[in-house]
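First the structure, in the form of structure tokens, and then the observations on it.
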Amino acid sequence: MAAQKIRSANINGLPRCKSEGTLIDFSGVPDPSLSEVKVLSPSSLRIDNPASLENVKEVVAIKDYCPNNFTTLKFSKGEHLYVLDASGGDWWYAHNSTEMGYIPSSYVQPLNYRDSCLSDSGMIDGLLENVDEGVKELDLLGDWTDSFNQDSVKKSHNNPFLRPSVSNPFLNGPLVSQTHAADTENSVDLLLFDPLAPSHVIASETSTDMLVNLLPNTTPNKVAVAVKRDNSFFRSKRSYSLSELSVLQAKSEGPTTGSFFAGLKSPAPEQFQSREDFRTAWLNHRKLARSCHDLDLLGQNPGWGQTQPVETSIVCRLDSSGGAVQLPDTNISIHVPEKHVASGETQQISLKALLDPPLELNNDKCTTVSPVLEIKLSNMDVHCPLTLELRISVALGGNASALNMVGIKCLRSDAREGPYNPVTQIYMYGDTVQVKLDNLEPVMYVVMVAQGQGIVSPSSVWEYINKKVTVGLYGPKHIHPSFKAVLAIFGHDCAPKSLLVNEVGQQANNPAPVTLQLWGKQQFVLPKPQDVQLCLFSNMTNYRVDAGDQGKIVRGFQLKLGKVSRLIFPIICQDPDQLSDFTLRVQVRDEFGGVLSQYCVQTPRPLPKTGTKSTGPRRFLKKKELGKIVLSPLAITCKYPTFQDRPVTSLKYGKLLKTVVRQSKNPYLLEYKKGDVIGLLSEEKIRLKGQLWNKEWYIGYYQGKLGLVHAKNVLVVGKVKPSFFSGPELTTGLLLEQILRPCKFLTYIYASVRTLLMENIGSWRCFADALGYGNLPLSYFCRVELESETERVASVLEKLKEECNSEGKEKKSFQKELIMALLKIDCQGLVVRLIQDFVLLTTAVEVAARWRELSEKLARVSKQQMDGYEAPHRDRNGMLDSEAMWKPAYDFLLTWSAQIGESYRDVIQELHTGLDKMRSPITKRWKHLTGTLILVNSLDILRATAFSTEAPEDCII
């Protein structure tokens with residue numbers, strides 16, 4: 001059979017076996033030949049040493065499975081299999097008496113499945129009217145009262161039939177277990193199955209009916225009565241839904257683990273005197289639970305993980321004018337040409353990056369170099385093909401043999417599991433690929449692979465390529481005194497923003513997975529499929545990472561098959577009173593201990609404490625905290641690109657329908673003449689008040705000036721530039737100069753700006769060059785030699801401030817020069833943070849004593865809440881000076897903006913709308929907030945043009 005020709009990727013030279021399973025490391029076995037490996041039954045685990053193989057789980061097949069490729073395992077209904085790795089989700093790695101391979105998880109069920117009386121429908125119905133008859137029929141109690149009177153009892157440690165009430169909602173009482181120390185020393189993390197810890201239960205020698213010995217001082221009759229009274233089976237209701245059984249079980253069972261979250265329970269209504277008190281307690285519990293993802297606690301909630309986005313995806317609807325759909329946070333996009341569909345019709349495109357590729361795409365002769373993309377179309381009446389553009393995570397070897405032996409191909413299928421067929425019309429430039437997709441289907445699956453030509457065993461495609469894999473660190477949204485981080489390895493560069501993680505505590509029923517957030521990631525070259533060790537270190541002694549220095553292992557066969565591997569690292573704070581964010585160092589080592597990759601990640605902050613105090617960022621950094629500034633992962637790994645002054649070609653054009661000449665001049669509102677042509681940066685509209693009422697506006701470019709034009713006065717004609725378009729051509733340099741006009745009118749706090757730049761700028765040299773200090777040595781900025789890169793960045797910033805405040809002929813604006821420099825090195829994320837802080841502070845200063853009126857327009861704040869914002873700033877006599885009114889206003893705006901969300905555009909837009917609603921709005925005299933709104937809405941087109949790596953001819957296939 002073809003599977004017998006698979007060579008082993010293990011460096012110890014294991015003999016070939018009958019499937020891919022030779023890559024499993026059997027530690028402690030004298031001869032690692034699979035022909036001599038015993039079947040791992042529960043009895044053998046009792047007799048032999050269970051510490052080395054304690055994660056093996058026995059399952060039984062519920063239907064036949066015939067594989068269609070050599071990496072999967074054939075089995076028949078009723079056959080017993082032994083699962084070695086179940087972290088793959090849909091596919092588990094298992095073996096029978098002779099072979100190893102992947103099996104579909106839906107075709108098998110755990111051997112202790114009969115412990116659960118739940119039906120597939122999620123309901124338990126059809127119960128008899130006579131309760132005693134139902135008990136007799138289901139044999140739930142059996143002869144358990146006699147079992148207490150028997151003197152001969154025995155203890156079972158790993159019999160799956162002796163795991164009581166945790167998996168059976170009809171039996172009440174927690175599972176009392178003791179965990180061996182060996183459980184924490186296991187270096188390989190198999191996430192789904194729990195280590196076979198001994199469970200102390202008392203059972204009859206002649207029957208499989210058992211009762212957990214939780215009441216040693218209670219007589220058997222009292223125990224039986226208590227269980228019968230509390231048992232949900234003996235209620236009058238005929239049927240129970242799965243959610244009701246979960247509630248009944250949660251009420252009857254005690255805590256199953258001794259973690260930090262053991263006391264974090266959902267409040268019960270009977271604990272409170274009023275409905276409002278219960279509602280407040282429930283909301284606080286929900287807020288805490290959602291911010292501190294404890295896997296043991298939240299895993300018991302079947303609805304939590306299912307409501308979170310996991311795989312990166314986007315859905316967009318386009319009309320006949322075409323456009324582009326880009327997958328968020330990736331280099332993957334679909335270009336839709338104009339007239340792709342008929343005029344008046346639309347095309348809805350769904351694009352999703354799948355985490356795990358099909359098994360048939362990864363073997364000795366082929367390996368995936370991009371995620372599998374799922375493309376869904378709503379309209380099949382199309383007139384032209386689509387263009388898929390993506391970046392591959394591989395580079396061919398430099399020698400000529402690599403170019404002849406291996407080729408980069410695009411495969412396509414109508415089903416996720418295949419079969420996949422090659423796509424002929426592809427075009428490559430560097431690591432970017434463009435694929436022409438014709439013969440469109442409603443659902444398509446596309447993937448890029450490196451495929452060998454003429455490769456014979458023992459060679460593999462890995463010897464001719466440099467494949468890159470991505471390691472990402474995931475954790476909760478807010479850190480906690482005790483939480484868990486997860487390291488995940490992906491076979492491509494599309495690490496999702498959120499990741500589902502499974503971990504079973506002592507529960508036998510499968511809990512829902514927990515969603516964690518991406519903290520940081522890095523890509524590195526993996527020379528060959530091999531066992532890699534992932535280590536995690538903390539930079540503060542107050543935080544201890546369990547098994548972080550020893551690391552955890554990802555097996556080579558998982559990397560070869562492109563499977564996503566998830567390793568869990570518990571992290572504990574030694575002193576919860578000193579809880580703060582810290583830095584984690586991720587290290588990846590090869591099989592010989594050499595470092596393949598390492599990078600640092602700054603953790604998020606703890607959950608803010610509730611109270612009247614502002615939850616926004618502090619305006620000033622304490623002096624003792626200046627030495628604790630740590631560069632963010634973005635600043636460490638970022639390579640700053642070069643700003644290119646080139647024409648902006650993505651404009652749309654419109655015909656002006658009306659002549660407008662303004663009596664009260666506004667530098668950000670255009671004046672124009674009927675019949676002329678105007679360029680539009682985009683068709684997105686901005687809402688703000690005109691002379692009398694709110695209107696919608698386009699950002700337009702007219703005769704060398706950028707500003708707003710009323711949307712009703714423009715007829716959009718398309719992307720083709722008319723020949724009679726007047727005025728200078730819009731370039732990125734001119735666009736940058738135009739959008740930065742309002743910056744010099746914004747107020748800032750220098751200490752806050754200095755802190756942000758020290759945390760996010762990784763190279764003082766690049767920063768200085770962008771400011772115009774090219775080729776100047778470090779001594780020009782500081783008198784003494786500075787060792788820290790953050791201090792060097794601060795010295796460059798200090799020099800800029802001195803020159804801007806000096807009385808020179810050409811006085812510079814500190815804010816404008818700083819924002820311009822940051823945009824030239826593509827620090828848009830840092831720019832929008834600074835702009836938002838500047839806008840909020842400037843608004844607070846401009847509004848001052850009228851901030852209460854603004855708060856009513858924005859959030860309808862009560863008088864008590866307003867007093868709470870002003871209380872910290874009053875003097876001993878309870879008075880608040882008029883010159884200090886900006887402080888409570890700033891505190892309120894920080895809190896309000898945090899509630900709006902992370903969209904800086906929404907924050908500034910809603911702030912402008914709220915100011916327009918005030919009596920005698922300050923936007924009548926202070927017009928620069930309108931300019932700031934133009935600035936933040938023009939950043940995307942500026943960045944896409946100034947830092948584009950595409951040549952004009954590269955855009956066409």
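Quick reminder: no glycine exception, Cβ is built from N, Cα and C everywhere.
As given in Swiss-Prot:
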- 54-113: domain 'SH3 1' (DOMAIN)
- 312-449: domain 'ZU5' (DOMAIN)
- 649-719: domain 'SH3 2' (DOMAIN)
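Residue counts for the domain 'SH3 1' (54-113) under DSSP, helix first, then strand, then coil, are 6 helix, 27 strand, 27 coil.
In terms of DSSP helix, strand and coil, the domain 'ZU5' (312-449) has 9 helix, 68 strand, 61 coil. Break the domain 'SH3 2' (649-719) down by DSSP state and the numbers are 3 helix, 36 strand, 32 coil. Over the domain 'SH3 2' (649-719) the predicted model carries a mean pLDDT of 88.
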